[in-house]
Amino acid sequence: MFSKNWALMAVFSLLVICLVATMPAHAEVDPGSASGFPFLLRYGYYDDKCEDLEDIVWSKMKTIVQLQHNAPAQLLRLMFHDCFIGGCDASVLLADRNENGTVEREAIPNRTLKGFNFIDTIKDEIEEECPGVVSCSDILVLATRDGIVLAGGPYYPVLTGRRDSKESFFDKAMAEIPRPNGNISETLRLFSLRGFDERETVALLGAHNIGRIGCQFIRPRLSNFTGTGLPDPTIPPDFVEELRRKCPDDNNTISNMLNDEDTDTARGLSVSIATSLDNHYYKTLMRGRGLLFADQQLMANEKTAAAVTDYAIDDGVIFRTEFAHAMAKLSNFGVLTGSEGEVRHSCSHLNS
């Protein structure tokens, strides 16, 4: 099986397993969230039900990433938005409306999410092999982990046995997804409600190493920051001009990949999609060149700034280790297990 053949990752995997084993049995979570620590999750949950599951997910993800290089970033964001609201229960995948007519994936912070089709493709393949067995929430978590590996990021072991939610959470998504223009206090508050400390928050935001950012989230910093009619004063003047060139009114997206070299030219941004999950994100924050206000705000708090520095100064070993630990912890947040929820036959629709 795929999970047994990763010899090159064995040493790193052992390190991460040790880290995961040190996680508290009861993480501090928002009492209003889904169930607490997932006692019924375990490694190899599907070994006697769908033994080729991880092989199937890995194979499909390799094909997906070959065709769509931005897929790992899209799935990372999709999983984060799912787990952050109500726990890792695939609620964000639902297209069915709640009794009040709302659906989580249509909440404003979720309208730019992508990657639903990737999960559907993997689910269809798994349903042919093991019908009605594997949850969409487990598929999303596994596919995201494999996307991270394919993007050059760290491998980390994933517990399985999640169940899928029978509802979605529009109002919570509207209120509790961290905003790209949020200040550091608000960002830390939202992560703390889910049991993540300052350092874990900085590690998880390292997901911004890859992907593309909508220019609509950047332009307010360039000309009318907080209604002043002026650029964000924390952005270096040369970077303001660079961003204006990269984000004119007719441009919708900008690469998340920043060149680590100091330069006075447009080379400070890459026009190609960033696909390598390394620690360049933290290096750019130390130079005052974070694309989002919320990113650059990590330098405005003593503890988060110290974490940024730690992740930036080496060749990425510290970041990779702590990012893997934080992702494993996020993957276990607020899950449904046992008889809770259901195993959907289609990830976008309830069974009945």
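Cβ coordinates are placed from backbone N, Cα and C, and glycine is handled just like the others.
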TrEMBL annotation, disulfide partner among CYS136, CYS215, CYS247 for CYS347: CYS136
As recorded in TrEMBL, which of CYS83, CYS88, CYS130 forms the disulphide with CYS50: CYS130
Which of ASP82, ASP89, GLU104, ASP278, all binding-site residues, has a Cβ with the fewest other Cβ atoms inside 10 Å: ASP278
Distance, CYS50 (disulfide bond) to GLU104 (Ca(2+) 1 binding site) (CA atoms, angstrom): 30
Pairwise CA distance, CYS215 (disulfide bond) versus PRO178 (substrate binding site), rounded so that it is a whole Å: 17
Using Cα positions only, nearest of the recorded positions to ASP278 (Ca(2+) 2 binding site) (HIS81, GLY87, CYS88): HIS81
Cα-proximity to CYS347 (disulfide bond), 10 Å cut-off, over recorded positions HIS81, ASP82, ASP89, SER91, PRO178: SER91
Cα distance (Å, whole number) from CYS50 (disulfide bond) to ASP89 (Ca(2+) 1 binding site): 20
